[in-house]
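Participant: One structure is given below, represented as structure tokens, and several questions about it will come after.
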Amino acid sequence: MTQNAPHPDTPAPLSDVMPTVLVLDFGAQYAQLIARRVREANVYSEVVPASTPAAQILEREPAALILSGGPSSVYEPGAPQLDPALLEAGVPVLGLCYGFQSIAHALGGTVAQTGTREYGSTRLDSVDADSVLFADQDLEQVVWMSHGDAVTQAPEGFAVTASTAGAPVAAFEDRERRIYGVQWHPEVGHSSRGQRVLEQFLHEGAGLGADWTASGVIEEQVERIREQIGDKRAICGLSGGVDSAVAAALVQRAIGDRLTCVYVDHGLMREGESAEIEQAFGEAHGGARLVMVDAREDFLSALAGVTDPEAKRKIIGERFIRTFEKAQADIVLESEHDPDATEVRFLVQGTLYPDVVESGGGDGAANIKSHHNVGGLPDDIEFELCEPLRELFKDEVRAVGAELGLPEGIVHRQPFPGPGLGIRIIGEVTQERLDLLRRADAIVRAELTAAGLDRQIWQCPVVLLADVRSVGVQGDGRTYGHPVVLRPVTSEDAMTADWARIPDDVLSRISNRITNEVDGVNRVVLDVTSKPPGTIEWE
């Protein structure tokens with residue numbers, strides 16, 4: 001991925017201006033989920049690779065450290081090791097699963113295979129109600145285990161605070177050094193008191209206040225935006241989704257009428273969406289300026305003959321930026337006679353934390369796919385980027401949007417990718433295929449809304465397998481139509497997702513309507529893949 005060089009005026013990261021819990025990722029499947037759970041406790045948190053040198057971690061002056069799980073055995077050669085310096089720095093530490101075992105291993109405890117593995121829901125045999133992590137909790141708890149090794153002897157100075165049949169030392173603590181650990185995964189919903197355990201560590205063990213709130217985020221971000229943009233002007237790409245709407249609202253609060261929002265109609269939106277966006281913008285940003293740009297022919301021409309998904313994302317990202325550069329020139333030209341006009345220097349984008357992670361923006365992170373507003377930017381971009389949501393998860397963005405007073409229809413709008421239907425057509429993007437997919441998508445959205453499932457699912461991409469034809473029977477003859485794929489998922493932040501269990505009667509209505517009302521489609525299939533291993537979007 002091409003990384004754009006930071007500008008000298010780029011504001012300091014949030015971790016530099018507020019107490020931050022760093023989650024050290026030892027290869028956990030759900031390291032991002034740990035960070036989310038910490039933020040749910042109103043404490044700011046970020047994820048860093050466990051391979052980060054201890055000195056570099058401590059330079060950031062973390063308020064606390066949480067050590068994630070991981071697939072390795074601490075005693076095997078080449079396994080990730082915990083630097084004892086992190087345990088000697090006086091920073092509160094909580095180890096989870098592998099992180100728990102790494103604490104024991106580093107401080108002289110014993111980690112071994114006991115012959116009893118624990119996977120899934122497990123009942124704690126004993127809990128010390130006087131311990132920091134379990135104070136004022138039910139003594140009977142069900143937790144989510146996933147381990148073959150176990151701590152059989154705690155390090156010197158540690159009190160054992162919980163145990164199970166397969167883990168004689170399932171939790172321990174050293175109050176004096178403020179080091180704690182549990183063998184299970186409190187971050188997952190299957191651990192009945194998991195969030196309470198994390199909150200006990202954060203608020204009691206580490207002594208952190210609950211200061212990470214939507215109102216606090218707004219105040220901090222508005223100040224940072226003013227610091228970054230100064231007296232210059234900005235334009236914001238408005239898509240109609242919650243991300244760009246909240247980003248625009250934050251920037252508008254910071255710089256007022258020096259922000260112009262631009263909506264690029266690239267022809268890849270869903271049925272009736274452009275008109276909805278114009279109306280919603282008026283409700284959310286009354287009096288603000290919105291420039292509508294019709295670039296449908298330009299995008300469709302650029303995508304002609306292109307089938308590779310990464311190539312499509314790159315093309316859409318580049319055309320998007322070029323369209324903005326033209327809009328910038330027009331805005332500047334209009335204000336030439338205004339003596340108070342200043343340079344239009346910044347491009348506001350609704351980039352989120354998961355976008356950055358999936359695009360390889362984190363140190364040591366693998367590039368899963370290029371997001372059009374992160375890794376899809378051209379090298380010679382003429383703007384400086386302002387990304388006020390870059391450190392937020394989706395649920396936090398919604399909370400900020402609600403706090404800002406945005407319409408509910410925007411705040412709770414289901415996610416829709418920037419490249420639009422262009423990455424939901426598997427194959428070349430043509431006008432005929434877009435029209436076909438729009439109709440199928442409209443049917444799905446209408447039926448899910450009628451069934452009251454809007455808030456129960458995260459999103460439901462409808463995918464057209466444009467390069468595939470299947471044999472069908474309609475009336476008295478054979479048909480050779482395209483399949484469409486329904487991809488309903490449940491999620492909290494898009495980092496992980498499960499396929500949504502849509503009621504059979506709803507699926508039946510959707511299938512019947514699509515195959516009867518959409519010419520060229522004769523088969524509807526359901527994608528039942530979780531994330532991981534599959535991403536939410538097919539491309």
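Each Cβ is built from the backbone N, Cα and C atoms, and glycine gets one as well.
Straight out of Swiss-Prot:
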- CYS97: active site, nucleophile (ACT_SITE)
- HIS185: active site (ACT_SITE)
- GLU187: active site (ACT_SITE)
- SER239, GLY240, GLY241, VAL242, ASP243, SER244, ALA245: ATP binding site (BINDING)
- 20-211: domain 'Glutamine amidotransferase type-1' (DOMAIN)
- 212-413: domain 'GMPS ATP-PPase' (DOMAIN)
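Quick one: how deep are these features, and who are their neighbours?
Facilitator: For CYS97 (active site, nucleophile), the Cβ neighbour count at a 10 Å cut-off comes to 26, with all displayed protein chains included.
Under 8 Å, Cβ to Cβ, and six or more positions away along its own chain, HIS185 (active site) finds TYR30, GLY69, LEU96, CYS97, VAL143, TRP144, MET145, SER146, SER191, GLY194.
Applying an 8 A CB threshold to same-chain residues 6+ apart, the list for GLU187 (active site) reads TYR30, LEU33, ILE34, ARG36, ARG37, LEU96, GLY194, LEU198. Under DSSP, GLU187 (active site) is assigned to coil, being neither helix nor strand in the three-state scheme.
Contacts of ASP243 (ATP binding site) defined by a Cβ separation under 8 A and a same-chain sequence distance of 6+ are given as GLY350, THR351, LEU352, LEU389, LYS394, VAL397, in order along the sequence.
Summed and averaged per residue, pLDDT over the domain 'GMPS ATP-PPase' (212-413) gives 82.
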Participant: Let's check the environment of GLY240 (ATP binding site): how many other CB atoms sit within 10 Å of its CB?
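Facilitator: Its Cβ shell of radius 10 Å holds 21 other Cβ atoms.
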Participant: DSSP three-state call for ASP243 (ATP binding site): helix, strand or coil?
Facilitator: helix
